[in-house]
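Peer 1: Positions annotated as domain 'CobB/CobQ-like glutamine amidotransferase' by TrEMBL: 7-198. The active site, nucleophile annotation in TrEMBL covers C94. As annotated by TrEMBL, substrate binding site applies to R127. TrEMBL lists H191 with the feature active site.
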Amino acid sequence: MSTESLRIVWIYPDLLSTYGDRGNALILARRARQRGMPVEVLEVRSDERLPATADIYLVGGGEDGPQALGAQRLIADGGLHRAVAQGSVVFGVCAGYQLLGTSFFAKGVQCRGLELLDLQSDRGPSRAVGELAGEIDPRLGLPALTGFENHGGRTHLGPEVSPLARITAGVGNDGNTEGAWRGKLLGTYSHGPALARNPALADLLLRWATGAHQLPPLDDTWSDRLRNERRSAVAAARA
Ligand code: GLN
């Protein structure tokens, strides 16, 4: 493993931090440090330039207004596009997922996205609020995804991205699939925060960022218990 610090950027805490997704930065940093990797977490506000040289960029959820402003500033900044071109990992949650696509709706207005993922979001008939669960794309080799969703948008995937999961509970993109990924870019509707509830997903991002095929296992008893509890609750509710 490199002795250089793993650099994690938490994008726009002043705009895209409404739903507790900052926990994803804490989880990544903790799981990396537990494996002996030095980590640097940078919080970059929306009035600052985004460094293009970090390993992992996290874009969190947000209400419509901050989401639209965040997308405008990220497009104007250009740092995230440069980072992606250099092979950085990007993890977007909800608003941060939608704005990675070509367009999304905020406050009834269609807004331009960053065009980093082949997807676009419109508005659904009602707000999707509640437990979210799904079976993750088998190519990623991860256990089932669980989380909590709270969004008005619905997301439609183009041919250049793959769904992250097939829905077993909740709505996700459109009631059938949830999230999307391509290369080292991954988006999800899962709050909770997603990486606290799905530590194997955190390790996937760490493996993408470091090039490691495997990471030493950690004790994930509590998140495993929560996942099993939520899966049982979903199965019981459907029976
Ligand atoms: N504003 C977006 C929507 O309602 C995203 C919400 C969120 O990030 N939780 O769809």
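Backbone N, Cα and C define each Cβ position, glycine as well.
Predicted, not measured: the structure shown is a model, and the values here were computed from it.
I'd like these features described in context: how deep, what's nearby, how far apart.
Peer 2: Sequence-distant neighbours of C94 (active site, nucleophile) (same chain, 6+ residues apart, CB-CB distance under 8 A): Y19, D21, G60, G61, G62, E149, N150, H151, T188, Y189, H191.
A C-beta separation below 8 Å, combined with a sequence spacing of at least six in one chain, links R127 (substrate binding site) to N150, H151, G152.
The Cβ of H191 (active site) has 24 other Cβ atoms within 10 Å, all protein chains considered.
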